[in-house]
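**Q** I'd like to ask you about the structure that follows.
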Amino acid sequence: MAKFVFITGGVVSSIGKGIVAASLGRLLKSRGYNVSILKLDPYLNVDPGTMSPFQHGEVFVTEDGAETDLDLGHYERFTDTAMSRLNSVTTGSIYQSVINKERRGAYNGGTVQVIPHITGEIRERIHRVAANSGADVVITEIGGTVGDIESLPFLEAIREFRGDVGRQDLAYIHVTLLPFIGTSGELKTKPTQHSVKELRSIGIQPDVLVCRSDREISEDLKRKIGGFCGVPNRAVIPSLDADTIYAVPLTLEEGGLCREVLDVLQLTDHESDMTAWSQLVHNLRNPGPSVKVALVGKYVQLNDAYLSVVEALRHACIAQDASLDLHWVCAEQIETEGADALLRGMDAVVVPGGFGNRGVDGKIAAIRWAREQRVPFLGLCLGMQTAVIEWARNQAGLPEATSEELDPGTPHPVIHLLPEQQDVVDLGGTMRLGVYPCRIAPDTLADRLYGEQVVYERHRHRFEFNNAYRSLFLEAGYVVSGTSPDGRLVELIELKGHPFFTACQYHPEFLSRPGRPHPLFRGLIEAAQQRLPDSPAQAIRNQGEVTTP
């Protein structure tokens, strides 16, 4: 039977509950326990698929095609365990389910209320994750902050959950902030005390407190917090600001988080093996020479909009003993200032996914610059589509070529709507989503990078390469290096004679892991390193033995 851990947050939002949940998952897994983590989000959207990246950050796609919160990306990267649509729950999806049941007569004419119907549906979702995952421990992160009206049904549900499984089978963790007041020169505990008081008023007594701070927490302060909040001193776990999120599991392990949780759950505290993780953090903190990578996008004002892309680049740099020098480049700014002005000196260019017209011309200009300057390039989803448009306009003699998404009346729709999308009206959850196989062509860059004939990648798109133009592209020097198994859908393209130029219709960033970088990202960083002044390839170029065509 599974055990359950519930993680709440207080004092401020964005306090790091997701990283705490992911870190605890990593620590439990290092002791041999199977873990699944789910997120309860208190917004009324059914899922974040149609939400603006400026408001929500990236949409993380699971293997089974769910559009979810970016925290699920943290869960997967830290635990190296695939999550599913069951691991993402929103208030909107709960209400939708309950209302649908009411319409079907499932409640036998009863009055449908928040308690017990909404809270009961929430509890059922948590039990479902336990049953389907086979996990020893199910960790649940409750979004929002204690005191928010939106979170109340979720908090009531996890209070009721105690009656479902028994007190020895669940643990409550509360993440709070200890602010430092400069004038008094001390960390203040009052916000934490009030947050715990609010949680207690709902009927939840936390077993463990994770206290965020920017400096060391003294033993006296831990005793004070423990005394006022009703938890043992040893269960007050410091969580100091870290230089990298991958160091957080090590900090929490040192503070005793996993030990305390296992004690509450009455589980054996097996010996932990965090050797590989510690080495990973060491390598991250002691990198080799830096590579300059330009990320050209339309949402660069909010870094979380491309979170998995950035993490995938970091993973590749760790594996290649490189330091990531990431440059955020606004695609619209390229349209006004020119690609060379903003990209000169870059060792690699990445154009990630996105939707809509805004910034597309800037992305196309960036891709042309990378192609002509022979700078390593990787395009993702819309990044592949814009690479196709760039080639069509500048190399294939189709100056009016574009995507049907951008101009439905274009005479040359080199990117067009997927056939199965023709009659789709709703936006939410209707794209080509989730894992699909991709057949890799032999003797290509992709073949060298993957080393496999068939790979499985996660997708999120409505548009595809228009096969009416495939012959024209192949004749002009394009290489289709990956397709769907039936050969119809173009999944991966590359250019001959370029140091590294490839783009894919899928999202490889979702499969990258700290200790196992995705082959496309690792290949990009490896190619970027060849441009560094002391690389063998650069030395040969400097001697004039390699000339640019």
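Cβ coordinates are placed from backbone N, Cα and C, and glycine is handled just like the others.
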**Q** Starting from the ATP binding annotation in Swiss-Prot that includes Ser14, Ile15, Gly16, Lys17, Gly18, Ile19, which of Asp64, Asp69, Asp71 is the extra site residue?
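**A** That ATP site, as Swiss-Prot gives it, pairs Ser14, Ile15, Gly16, Lys17, Gly18, Ile19 with Asp71.
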**Q** Which single residue out of Ser13, Ser403, Ser471 does Swiss-Prot record at the CTP site shared with Asp148, Ile149, Glu150, Lys188, Thr189, Lys190, Pro191, Thr192, Gln193, Lys224?
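**A** Between Ser13, Ser403, Ser471, Swiss-Prot records just one in the CTP site with Asp148, Ile149, Glu150, Lys188, Thr189, Lys190, Pro191, Thr192, Gln193, Lys224, namely Ser13.
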**Q** Write down the one residue from Gly354, Gly356, Gly487 that Swiss-Prot lists together with Leu382, Gly383, Met384, Gln385, Glu405, Arg462 as binding L-glutamine.
**A** Gly354
**Q** Count the other Cβ atoms sitting within 10 Å of the Cβ of Ser14 (ATP binding site), across every protein chain shown.
**A** 9
**Q** For the ATP binding site, please report the maximum Cα-Cα distance among Ser14, Ile15, Gly16, Lys17, Gly18, Ile19, Asp71 in Å.
**A** 13
**Q** May I ask for the distance between Gly18 (ATP binding site) and His507 (active site), taken between their Cα atoms and rounded to an integer number of Å?
**A** 22
**Q** Determine the Cβ neighbour count for Ile19 (ATP binding site): the number of other Cβ atoms within 10 Å of its Cβ.
**A** 22
**Q** Under a three-state reading of DSSP, tell me whether Ile19 (ATP binding site) is helix, strand or coil.
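**A** In three-state terms, Ile19 (ATP binding site) counts as helix.
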**Q** Do me a favour and check the Cα-Cα span between Ser14 (ATP binding site) and Glu509 (active site); whole Å is fine.
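**A** The Cα atom of Ser14 (ATP binding site) is 23 Å away from the Cα atom of Glu509 (active site).
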